[in-house]
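This report concerns only the one structure given below.
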2 protein chains.
Amino acid sequence: MSSHHDPYSGLEAQIESNVPDDLSVSRVTYEGPELVIYTETPRLFADRDGIVPQLAKTFRKRITIRPAPGTQTEPADAEPQIRDLIPEDAGITDLEFFSTTGEVVIEAEKPGLVIGRHGSTLNEITKEVGWTPDVLRTPPMESSTVANVRNYLVTERDERREILERVGEHIHREPQSDEDWVRITTLGCCREVGRASFVLSTPETRVLVDCGDKPGADGEVPYLQLPEANPVADLDAVVLTHAHLDHSALLPLLFKYGYDGPVYMTAPTRDLIGLLQLDYLDVAAKEGRTPPYDSEMVREELTHTITMDYGNVTDIAPDIKLTMHNAGHILGSAVAHFHVGDGRHNVVFSGDVHYTDTRLFNGAVNDFPRAETLVMESTYGRRNDYQTDQEDSERTLIDRISQTYENDGTVVIPAFAVGRSQELMLVLEEAMRTGRLPTMPIYLDGMIREATAIHTAYPEFLRDGLRQRILHDDENPFLAAQFQQVDGGDEMRQDIADGEPAIILSTSGMVTGGPIMSWLELLGGDPDNALVFVGYQAEGTLGRRIQGGNREIHLTDRDGNTNRMTLRFTIESVSGFSGHADRNGLENFVRTMNPRPEEILCVHGDESATDQLSSALYQNFDCRTYAPRNLETYRLA
Amino acid sequence: MSSHHDPYSGLEAQIESNVPDDLSVSRVTYEGPELVIYTETPRLFADRDGIVPQLAKTFRKRITIRPAPGTQTEPADAEPQIRDLIPEDAGITDLEFFSTTGEVVIEAEKPGLVIGRHGSTLNEITKEVGWTPDVLRTPPMESSTVANVRNYLVTERDERREILERVGEHIHREPQSDEDWVRITTLGCCREVGRASFVLSTPETRVLVDCGDKPGADGEVPYLQLPEANPVADLDAVVLTHAHLDHSALLPLLFKYGYDGPVYMTAPTRDLIGLLQLDYLDVAAKEGRTPPYDSEMVREELTHTITMDYGNVTDIAPDIKLTMHNAGHILGSAVAHFHVGDGRHNVVFSGDVHYTDTRLFNGAVNDFPRAETLVMESTYGRRNDYQTDQEDSERTLIDRISQTYENDGTVVIPAFAVGRSQELMLVLEEAMRTGRLPTMPIYLDGMIREATAIHTAYPEFLRDGLRQRILHDDENPFLAAQFQQVDGGDEMRQDIADGEPAIILSTSGMVTGGPIMSWLELLGGDPDNALVFVGYQAEGTLGRRIQGGNREIHLTDRDGNTNRMTLRFTIESVSGFSGHADRNGLENFVRTMNPRPEEILCVHGDESATDQLSSALYQNFDCRTYAPRNLETYRLA
């Protein structure tokens with residue numbers, strides 16, 4: 001990541017010639033993809049309407065204006081002035097000054113009121129005190145993850161700035177190669193679900209997309225030791241499509257291997273991996289496995305994160321621009337669009353997608369100016385992988401719960417902490433509120449409540465109607481009284497199992513460990529109870545085996561003894577709640593693209609799923625399609 | 001190439017337990033793939049019939065027995081004894097002792113007489129004087145290349161032994177990986193003719209197959225900078241299928257990049273690249289281009305060469321065995337068969353092949369115990385790329401020459417120095433001998449004579465009948481009086497052009513430089529003369545443009561001035577002399593394989609040729625077929 005090219009020579013002069021004479025430009029630097037302009041006259045910049053958008057347009061960069069040190073009002077004087085400018089209703093919960101960058105971070109319950117119409121209040125603040133405001137939302141539900149991540153990033157602010165400046169210089173380096181090609185190498189996730197990991201490479205740049213584990217196959221990790229990815233330290237960028245562990249679990253390992261560059265993702269993905277990766281280490285420790293990295297590496301990763309909003313075109317290398325779009329799969333999940341070599345080629349990694357709208361999210365975006373190559377998930381790619389409409393699915397689920405309730409039984413639903421749990425919470429809350437389901441306790445076990453709180457910190461990533469409801473306490477469905485956290489350990493679980501009919505949402509979603517194992521033990525022996533699968537169960541997981549009809553299972557107790565158990569409760573799968581597009585949705589994703597891709601790589605599915613989807617897309621859309629194997633390299637251009 | 005595993009611990013004891021007690025084993029070492037046993041009792045080893053083959057069978061290695069230092073008769077006494085044991089008819093031309101290895105190198109006109117029936121004379125020598133004889137053939141035609149290569153290897157003998165011991169230890173290292181896969185990466189030669197270069201890789205081993213230039217496209221070299229091949233220094237082995245520059249030209253570059261390992265090829269290939277690569281440097285210098293390496297790197301390459309005989313199974317890595325088979329294309333050309341991972345997978349690189357017998361060579365071998373993957377040349381892979389029978393082709397060629405002769409004109413034939421020239425020499429010599437063609441001078445321009453001399457040094461690589469004729473001076477067709485070397489420069493060429501009708505064989509074969517350029521200038525203006533193409537003309541070469549109908553060409557004179565010229569002589573292409581199988585031959589190569597390969601990668605052909613061959617093989621033989629692009633990686637197992 002070294003460069004002998006000074007990206008700032010000339011740039012400062014160019015910027016000066018693009019702003020009126022009375023505005024000073026004292027220093028120019030890149031922080032990651034962003035162009036940062038320090039000025040002795042921050043108030044005049046704030047006063048000049050449209051100057052920043054105009055610079056952004058001219059230089060085709062994200063632009064940030066910061067006051068040069070010493071130009072601002074002293075924090076002690078500035079704070080009351082700022083509080084005066086912001087309406088009381090905004091609910092400021094924190095306000096902190098950072099003198100090295102001239103920024104004031106304002107955390108508030110209603111950030112919109114801090115920002116003002118078209119940013120008018122922010123402008124007023126800068127004009128008045130000279131500081132650049134940075135606004136964060138105070139989560140409506142308290143989230144220790146959001147708080148921890150924010151606190152950590154505050155303490156690392158100076159180190160982060162150094163990293164961002166280094167990354168910025170690397171991104172804007174002079175291209176070295178006169179070669180001209182684009183390739184994708186598969187490090188995992190081909191003809192299998194799990195260990196998502198791909199290298200997108202050009203003569204100039206190597207980008208790693210995702211770095212996950214494989215549920216139910218602990219030792220099978222991405223082939224990072226391949227020369228195409230190795231040395232990991234030499235990668236130019238890492239892009240994470242979403243927080244699920246089969247895409248993110250081994251990302252901190254990169255830092256153990258010496259990687260020191262940026263990791264691009266959405267802000268909610270950053271917070272969610274903070275939650276999920278630390279839990280991943282926790283589970284490994286509890287199960288007596290040596291995790292491949294420790295929590296220090298998770299912190300390294302956070303320090304190197306650059307967050308992206310949906311739709312923002314961002315330089316991540318001299319020859320690659322990245323845009324993330326809503327994928328509809330989980331909070332912050334993204335379809336990643338790479339624009340390579342000034343239009344030479346465009347590659348889309350779908351990540352995991354849900355094509356239609358759900359209660360939580362709008363359907364996945366598939367509208368790109370150009371996309372010659374599509375790397376497409378295939379989880380439900382088989383010929384018959386059709387799911388029922390969500391309306392039907394909800395009816396089935398409610399019927400099943402009602403029956404179990406009438407039998408005086410309890411329903412347990414294995415669910416990912418992130419995604420399906422929140423979708424189900426919305427379904428169940430509404431069903432109880434409208435009387436379609438008797439009101440009964442809904443216990444959240446594992447990290448579901450915490451993951452839910454993270455959702456409420458990022459309402460702008462949720463579906464339109466839901467966003468509004470969350471921002472009003474009395475309407476926030478996640479705060480309904482029947483949701484109760486299982487925070488009393490096995491004793492509480494025993495009480496719940498012995499008590500009145502209830503619903504339990506518990507991790508892990510594929511029954512590979514976590515509290516769901518206790519629930520199998522506590523509820524599995526009684527035919528009046530029910531286990532309901534609502535999500536995809538990957539090959540090799542216990543969930544898949546139970547779903548496939550296996551009733552004899554082995555459970556390990558806390559003393560390490562293995563006990564055999566026969567499952568006698570009702571076991572049912574209700575489709576239609578998956579975070580993944582079904583076969584129909586996958587085909588529609590491609591069908592409605594305009595223009596359609598010239599070639600499609602079908603990944604992230606069992607062998608039959610990737611094969612059958614590949615055949616179908618080839619026949620229907622007359623493009624080249626492949627079901628790659630791991631360890632292959634495809635030349636795109 | 002370092003290893004902490006001592007491959008000799010235990011091995012010496014094992015060998016001792018496999019030989020009778022009276023035979024001593026004083027030291028055991030690997031030299032490349034060979035197992036070398038030093039003994040204090042060389043005479044007893046020589047006396048014990050069948051002990052070496054038996055050890056070879058037990059240890060599945062090539063075995064060499066060498067006397068421990070100090071056990072042999074002094075050279076001054078040994079030499080007359082050796083000369084006494086060898087029949088006078090053998091025609092010893094050189095005899096040299098190497099005390100560090102206990103070897104005596106005997107160069108003779110008739111090596112068979114030195115060896116004796118089943119090696120009996122060699123055995124006698126060792127029994128008598130204790131030295132291990134190594135026998136070389138004195139070429140029947142003097143070849144400066146053969147002499148230079150042999151002399152050079154003699155001076156480098158000690159360095160070579162060190163290299164071979166290091167390579168031997170690396171080959172026999174303990175495998176490190178518990179992964180299990182096989183891949184091929186294309187560094188060149190896909191949808192194009194030229195820059196042949198592939199990486200065959202396993203978790204344990206990376207082998208580079210060929211490293212050529214691209215005729216007519218000077219800057220387009222193999223993608224050695226790809227991470228799959230880079231660092232070049234870390235490659236485990238290099239395999240060269242044959243000497244033509246589109247397979248070999250950039251091999252010395254590997255040593256410039258720090259490669260320090262073995263290069264496997266046949267002995268004639270080694271001598272031929274000595275000739276062709278030095279000429280390649282020479283041509284570059286003459287044309288004012290900076291060659292990518294200098295002659296020192298050619299010497300490095302020779303020092304690292306390990307020669308292979310056809311049919312010998314040879315360990316080149318802990319998990320790869322290589323066998324070379326006759327490819328029928330040029331002298332020493334090989335089909336390379338790789339047996340990977342103890343039977344996990346078998347890959348065949350066809351190199352360039354001629355499927356049927358020619359005057360020079362037997363047809364290509366396509367008989368392998370197993371071959372799941374075939375990497376197949378496709379030079380004549382197009383639907384209509386059928387060549388006439390050689391008999392018809394010869395008639396056409398002779399008719400064309402006769403006509404030109406009757407018109408008092410001269411025929412010039414561009415030809416590779418190696419391969420087509422010798423085939424044509426055989427055709428023309430026979431036609432003149434049998435009276436089908438009037439006897440006239442046949443001028444050899446460029447390195448054709450020297451290349452022919454190298455052929456005579458390796459008669460065992462030639463077709464059965466031809467071998468015998470070459471070994472008898474009075475029948476050696478290459479010594480016919482009408483063959484005359486153009487050794488008088490442009491003055492001689494002018495005289496020839498002004499003189500009586502003649503035939504001229506001149507390099508380069510694709511009219512990309514060399515003396516053929518002078519012949520175009522001298523002969524091209526006169527409609528009575530004729531230019532006859534007999535070999536493949538690659539895209540981008542002047543030969544291809546002329547063949548395609550272009551009559552206006554530009555020639556650069558020795559002062560660097562470019563002159564325009566209109567070609568007025570007759571221009572004709574006679575197929576059937578190519579060193580490449582035609583479309584029929586390529587299909588037959590696959591058809592008669594037993595078992596047939598499961599997948600075929602069609603390479604070494606223009607885009608239409610590789611595409612059409614790939615389609616045809618798929619339809620006819622029901623296997624997976626591909627026309628790869630450069631920079632791709634295929635997973636084989």
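In case you wondered, yes, glycine gets a Cβ from its N, Cα and C as well.
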Could you look at A:H329, A:H337, A:H339 and say which one TrEMBL places alongside A:H242, A:H244, A:D352 in the Zn(2+) 1 site?
A:H329
Of the ranges A:166-224, A:461-519, A:579-637, which one does TrEMBL flag as region 'Metallo-beta-lactamase C-terminus'?
A:579-637
Among the binding-site residues listed here, A:H247, A:H604, which has the most company in the form of other Cβ atoms within 10 Å of its Cβ?
A:H604
Using DSSP, what's the helix, strand and coil tally for the region 'KHa' (A:5-72)?
21 helix, 17 strand, 30 coil
Chain-internal residues near A:D246 (Zn(2+) 2 binding site), provided their CB is under 8 angstroms and they sit 6+ positions away:
A:V193, A:G194, A:R195, A:A196, A:G212, A:D213, A:K214, A:P215, A:A538
Cβ atoms other than its own within 10 Å of the Cβ of A:D352 (Zn(2+) 2 binding site), all chains, total 29
Secondary structure tally of the region 'KHb' (A:73-140) (DSSP, helix then strand then coil):
32 helix, 19 strand, 17 coil
Per DSSP, A:D352 (Zn(2+) 2 binding site) is which: helix, strand or coil?
coil
